[in-house]
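Chemist: Mind looking over this structure? Questions follow.
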Amino acid sequence: MSKKLHLISLGCTKNLVDSEVMLGRLKSYEITPLIEKADVIIVNTCGFIEAAKQESLSVLFEALERRKKGAILVASGCLSERYHEELLREIPEIDIITGVGDYDKIDQMVRERQGFHSGEVFLASEEQERVITGSSVHAYVKLSEGCNQTCSFCAIPQFKGKLHSRTLESTLKEVKNLIAKGFTDFSFIAQDTSSYLRDRGEKEGLIQLIGALDSLEGIKSARILYLYPSTASAKLIQAIQKSQVVQNYFDMPLQHIAESMLKRMKRGANQKKHKELLERMRQVPHSFVRTTLILGHPGESEEEFEELCRFLEEFRFDRVNLFAYSDEEGTSAHKMEGKLDKRVINARLKRLDKIIQKQHRALLKEMVGQEIPVILEGGSSEHEFFYSARDARWAPEIDGEILINETLLPQPAPGHYWAKITQVAGKQLLATLTRRWEK
């Protein structure tokens with residue numbers, strides 16, 4: 001009887017790629033959705049901000065409580081890297097504690113029941129066989145690890161190190177391997193994608209990647225996430241606009257827009273550049289612009305917050321992620337004066353969220369009546385008689401779901417189609433599948 005594996009991947013999609021590498025190394029195990037049935041339980045942790053750290057610890061304690069006798073519990077990922085010694089000391093019941101450097105050795109660690117902690121940062125390549133999760137159409141591809149930026153609030157460079165890009169050849173080989181397995185839609189990710197290949201002497205590595213993707217057989221759509229304002233360029237926006245494969249999808253975390261706040265946050269670019277990039281993105285036909293904002297950074301004044309509110313109402317992003325400032329040890333912001341009361345931060349979050357939700361409802365209503373390219377993932381997990389799809393521009397999960405409640409095509413398989421948006425139901429769109437999307 002084969003042994004059973006239960007894996008929980010917390011945090012970002014970059015972490016998910018590493019989880020998929022571990023699944024590839026342990027493919028002889030049968031995956032079980034039940035912790036109690038598992039012989040091996042892996043929690044791939046997140047240690048980015050306080051809320052993520054607390055979630056990781058909570059999941060680890062729950063796994064310890066529910067595991068069967070003799071089951072091996074593994075804690076891997078960012079929390080394990082950042083707080084390796086503390087976890088060893090405080091939770092000795094965890095059998096294997098490993099960080100962000102040895103995902104490809106998980107089979108050996110489980111076999112020997114011993115954690116490795118190499119101190120290096122693992123970067124998945126075409127040489128690792130991943131088990132892609134959640135889709136038979138879409139796969140994430142990680143371009144680099146680490147980050148050369150020095151944002152005041154961010155602890156990631158402490159445990160992920162400096163930028164380390166994989167070669168263009170390596171990236172393309174992995175994409176080709178995934179195409180051969182039937183994947184046709186891709187999301188390219190990194191801490192700072194617009195710095196891709198800069199550590200290898202190439203200033204516009206993403207533009208090279210986009211050109212190469214356009215010449216690949218079998219790829220139908222792709223998008224690039226996590227552009228950084230100081231390294232994104234007008235040339236890059238133009239390359240995305242011209243691409244036949246890469247969608248007009250622009251995900252660029254701003255964190256703030258007030259000039260003084262951008263400087264305090266050490267964002268590396270001024271307000272003028274931020275606004276110029278955003279305007280160029282918005283001028284691209286059918287563009288989809290997403291961002292992330294941090295509220296309550298030390299020193300954020302009422303005037304700076306009001307400026308952010310005004311800008312948000314004027315620009316109208318397609319999607320916005322909001323975060324409350326997390327005071328992380330080891331960051332320059334941690335030492336700053338002017339820390340804000342949590343009640344003030346929460347009030348600001350609530351006000352901005354109200355603006356965002358109002359805009360989101362309006363944007364969904366504007367899509368009604370349009371026929372758009374969509375990616376059909378299969379049956380909806382929430383609605384038994386509906387199919388689950390998304391706008392071809394959208395990234396999985398974070399940008400939303402389109403429910404297909406009617407189809408002009410009999411028993412459509414997962415893949416690329418056209419759909420007509422018929423109505424808004426709550427925060428979701430309903431649509432009719434009309435025809436295949438032939439590239």
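Positions of Cβ are set from backbone N, Cα and C atoms, glycine also.
Here Swiss-Prot flags 3-115 as domain 'MTTase N-terminal'. If you look up Swiss-Prot, you'll see C12, C46, C78 marked as [4Fe-4S] cluster 1 binding site. Residues annotated as domain 'Radical SAM core' in Swiss-Prot, with sequence analysis given as evidence: 133-362. Annotation source Swiss-Prot lists [4Fe-4S] cluster 2 binding site at C147, C151, C154, citing sequence analysis.
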Chemist: Would you pick out, from the binding-site residues C12, C46, C78, C147, the residue whose Cβ has the largest number of other Cβ atoms within 10 Å?
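Modeler: Per the Cβ count within 10 Å, the most buried is C78.
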Chemist: Rounded to a whole number, how many Å is the Cα of C78 ([4Fe-4S] cluster 1 binding site) away from the Cα of C154 ([4Fe-4S] cluster 2 binding site)?
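Modeler: Pair distance, Cα basis, whole Å: 13 Å.
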Chemist: Can you give me the same-chain residues 6 or more apart in sequence from C151 ([4Fe-4S] cluster 2 binding site) with a CB-CB distance under 8 Å?
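Modeler: Those within reach of C151 ([4Fe-4S] cluster 2 binding site), by Cβ under 8 Å and sequence separation of 6 or more, are Q255, M265, K266, R267.
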Chemist: Using a Cβ-Cβ cut-off under 8 angstroms and a sequence gap of six or more, which residues of the chain neighbour C154 ([4Fe-4S] cluster 2 binding site)?
Modeler: C147, E328, T331
Chemist: Report the residues of the chain - excluding C147, C151, C154 - with C-beta within 8 Å of the mean position of the site's C-beta atoms, for the recorded [4Fe-4S] cluster 2 site, in sequence order.
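Modeler: Filtered neighbour residues, in order: Q149, T150, F153, A155, I156, P157, Q191, D192.
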Chemist: Whose Cβ lies within 8 Å of the mean position of the Cβ atoms of C12, C46, C78, the [4Fe-4S] cluster 1 site, other than those residues?
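Modeler: Here the nearby residues are L10, G11, K14, N15, T45, G47, F48, A52, G77, L79.
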Chemist: Which three-state DSSP class does C78 ([4Fe-4S] cluster 1 binding site) fall into?
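Modeler: In the DSSP reduction, C78 ([4Fe-4S] cluster 1 binding site) maps to helix.
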